[in-house]
């Protein structure tokens, strides 16, 4: 009887201890979430107030939301560039605007559901950023360990372009579906993962690549080829839903692909893309220190960002080459085609256009970075100094309507 009570007491103590650890971890996770958002918010607000502005770009025939200094410096700048497209789609739909089909529908549909305002967009993005951080932590601590999981969350939250996770953009929503999918597959909830990958594809074309991730992971674990095929078809279903919608609206299920030429997208071999990117980066290397040129008023041409595009690509390739061996095969099955999208389809004026933002879609790069920072501490200080500096610089550019990604 005494032994039984002792075991029960030990079990109760262990349960209470694990509960305290869980609560403390969640509290620390929310602290990282809030601290990172406060960092980007403060930089953006100060930049909007004190630095020169480029001309605000909005969908043709539409005027960006108006407001006073307080509104614009605290809220309005979070809808610059693609954010205006998502707001416009939420308010007016796709009808009669083929170019808008390049922006996948789930985020603007949710935005429409919650009022189609900048406030709603920011609230959704912040909610999904917190959700994605939670699922990233829960998945990564089982895939690797708690140290890698914490580093992954911090790298994700404070990455130089992580301000997009607060903006009226799809990144936070897409990453929620991605990390939730990984968490569900880890727990063998394949049917739910089928649904989340369909939703991911309704959020971003990159969701289609999750089919390869699911197939490899499920086949590895279950050793059942056809079962792996069946559960990996969620992205195909998601894309099919969007194509049916486009057929109804525009009588062209692939119109979202054809309008990519509006941004100068074209086919090129990866070595051609990289060589052109290096050439353009060298032409604009003064962007490293020429801040008056970077923050010039007038139209935002974005040529100076070629230097930073190449910098982010170089960093990504180094991380993948050095630390990619610690990534499981199923993440490689996603990462390789994700990188190919950027390398095979450059833009005419910016070969690596949007890559600093698309590193979130190429999320295994962030995981390789977190693993590297965890395993080898000698470069942590250099990484965080550079990351926070670039984060402040790029946030300031974005807040003042200069093109970044």
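Any Cβ shown, glycine's included, is placed from N, Cα and C.
TrEMBL entries are annotated by machine, without manual review.
What TrEMBL annotates here:
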{"type": "TRANSMEM", "residues": "21-40", "note": "transmembrane segment"}
{"type": "TRANSMEM", "residues": "109-136", "note": "transmembrane segment"}
{"type": "TRANSMEM", "residues": "148-170", "note": "transmembrane segment"}
{"type": "TRANSMEM", "residues": "190-216", "note": "transmembrane segment"}
{"type": "TRANSMEM", "residues": "228-248", "note": "transmembrane segment"}
{"type": "TRANSMEM", "residues": "305-323", "note": "transmembrane segment"}
{"type": "TRANSMEM", "residues": "329-346", "note": "transmembrane segment"}
{"type": "TRANSMEM", "residues": "358-378", "note": "transmembrane segment"}
{"type": "TRANSMEM", "residues": "384-404", "note": "transmembrane segment"}
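Contact count against the transmembrane segment (384-404) (Cβ pairs under 8 Å) is highest for 305-323, out of 109-136, 190-216, 228-248, 305-323, 329-346. 358-378 is the stretch from 21-40, 329-346, 358-378 with the greatest number of Cβ pairs below 8 Å to the transmembrane segment (305-323). Counted over residue pairs 6 or more apart, the CB atoms of the transmembrane segment (148-170) and the transmembrane segment (21-40) come under 8 Å in at least three pairs, which marks the two as touching.
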